[in-house]
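Comments concern the structure below.
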Amino acid sequence: MEGVDILLHERSKTQFDVDAMKIVWAGSRHAFEVSDRMARLVASDPAFQKDNRTRQGRKELFKNTLRKATYAWKRIVELRLTEEEAGRLRFFVDEPAFTDLHWGMFIPAIKGQGTEEQQQKWLPLAYKMQIIGCYAQTELGHGSNVQGLETTATFDPDKDEFIIHSPTLTSSKWWPGGLGKVATHAIVYARLITNGEEHGVHGFIVQLRSLDDHMPLPGITIGDIGMKFGNGAYNTMDNGVLTFDHFRIPRNQMLMRVLQVTREGKCVQSSVPRQLIYGTMVFVRQTIVADASSALSRAVCIATRYSAVRRQFGSQDGVETQVIDYKTQQNRLFPLLASAYAFRFVGEWLKWLYTDVTQRLQANDFSTLPEAHACTAGLKSVTTTATADAIEECRKLCGGHGYLCASGLPELFAVYVPACTYEGDNVVLLLQVARFLVKTASQLGSGKKPTGTTAYLGRVQDLMQCRCEVQTAEDWLKPSVMLEAFEARSARMCVDRAQNLNKFANPEDGFAELSADLVEVAVAHCQLIVVSNPNQETCDPGDIGNSANHEATTNEPNTYTFETISALSISGVWFIEKLQQDIPGNGVKQQLQSLCYIYALNLLHKHLGDFLSTGCITPKQASLANDQLRSLYSQIRPNAIALVDAFNYTDHYLGSVLGRYDGNVYPKLYEEAWKDPLNDSVVPDGYNEYIRPMLKQQLRNARL
């Protein structure tokens, strides 16, 4: 069956221009071309082969990762790839490695928190990989509570040096990727102490290992923290443990863009506002949201293709029914497909948000910073939680075969699920969002107008009184109706939680007692953001933002500011207007509209208790929403394979026998089984020592 395209018939049903959808997914024609070129480059190079990754022992696995990462850098240099191209190449290599933290955390930290002089000294070395950096913040005893970090950096004015020290076991740096065996340098976060006085947690550039023999420097104890969850997966990464024993560094290795320590040990605030460092945080979180869409789309691609290949029951004329045709399968699968697109577009929107916030900070405009912090924190939490759950659901959707490493799903889950914890525990982040929402609600009476994604709270009186006007299932396809339902839900939950908090004499006691309820309102707010902003992208990517429609023809980004968001959030009119505009590609707009409604209506169904308890909709209207949802599944069904083809993933990147482009699953699955080391011999090792004595009733003489 080699070369047979089992899914050819499925693709013949497609009702839209797949190539145009690929550009929408990529964000622009330029982004698509770069991504496609790098994906094919990696897939065609045997050096990046990863078929046996889940069968390798830890040492072999890690050494192979070092080889791949180094080879990738060699190719980047040889081909003179741009920073964008290099990033996509590393993405498609698809193996967690020390380079992830070097490029994703170490360099951005120096750029964001280092002075001009520090950047001039350290960035050229980092860009050439002459030093390899990591980001050492989390400790054995503290993660989310950064202010609770115990590592100290005490200034010694006599020698003009900081003394970095780990005073307790729990102050050991724990988890930083790349730290265990590879990094030569780290951004170490420690409590700044000068003249016996503490000045909070700050970052320091610390050399960890000799650049000659790679041995840890005196005063440093360093190693790997051990195996993590899953086969392959994040075990390619050397997550490390690090302790300091009164280790000295020069004063000029403290990151001093915001706060400077003088030769005499005085702390002096620089002219650069402290808030500027939050730009790095926004950058990292928008990257995490983008990664969520990549991981989710990958899992959905595998599950969708296999659901079309797999046949079970319902035999008519000897042909069983495709699993994807069962409504129960569609009800579980298609909302995940819609979520992949939704997260993709909200991730793109966050890129523009990062640009807007950065420009404002540089102009000393901090007005949007609290809202940006809450927005990025909440979206990081909501998208990563949903993606982790969705990958596991995709594994279940593939039945028993989904449990095989060959499906690619167990490793994908294992490598992705840490995203729910790193860069802020998801529940902790939602509580931060809730605190911001409650504060915003409490200020409504003062006349302070909410901005950005909270602008809808400025209409809270109307939203508290409005009643959903849905009378038929088709009414749920009216953008203004959908948006109003989500806004009313979020606004009413926010007001309710704020009123409950007011019953407590001590607000902090109330916040602690009602924290579970507050998490729910934060989720509602963040889901509103995803429902509205993907609609801005998918219902017509040409009107606002760095859109596929605009970039497909011009390759030039539009601007997208907080004022724009506020204006759009005030009314549902923008959605209606956008629906009237064109999106390049036959049928593309219709498919994206269907996905938008599936995403929103599925959320309504999953959180029906919120909508009913707040009086946003009636039980009858909820039933009509389910009717419309089933109708949308039928519309998506003939296009399901084409919609995952639009992700443009190579078989190499997917790393799944079940998700093969040609659908030729069973022969390849059978072939894969024989590659397992257990099948190297017909009779297993240990037969004579254990199995034979049992079969021959000779256990008394067995050497157990």
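Cβ atoms are placed via backbone N, Cα and C, with glycine included.
Positions annotated as active site, proton acceptor by TrEMBL: Glu423. In sequence order, Val284, Arg285, Ile288, Lys380 constitute the residues six or more apart from Glu423 (active site, proton acceptor) in its chain with CB-CB distances below 8 Å.
Counting only same-chain residues six or more apart in sequence, the Cβ atoms lying under 8 angstroms from the Cβ of Gly177 (FAD binding site) belong to Pro96, Phe98, Asp100, Leu101, Cys134, Tyr135, Met237, Asp238, Asn239, Gly240. Residues annotated as FAD binding site in TrEMBL: Thr138, Gly177.
Residues belonging to the domain 'Acyl-coenzyme A oxidase N-terminal' (17-132) score a mean pLDDT of 96 in the model. The domain 'Acyl-coenzyme A oxidase N-terminal' annotation in TrEMBL covers 17-132.
Per TrEMBL, domain 'Acyl-CoA oxidase/dehydrogenase middle' is recorded for 134-236.
The domain 'Acyl-CoA oxidase C-alpha1' annotation in TrEMBL covers 278-438.
Positions annotated as domain 'Acyl-CoA oxidase C-terminal' by TrEMBL: 574-696.
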Quiz prompt | Cβ-based contact of the domain 'Acyl-CoA oxidase C-terminal' (574-696) with the domain 'Acyl-coenzyme A oxidase N-terminal' (17-132), 3 or more pairs under 8 Å | solution = yes
Practice problem: Tally the residues of the domain 'Acyl-CoA oxidase C-terminal' (574-696) by DSSP class, grouping H, G and I as helix, E and B as strand, and everything else as coil. | Solution: 84 helix, 0 strand, 39 coil
Self-check item: Neighbour count (Cβ, 10 Å) for Thr138 (FAD binding site)
Solution: 20
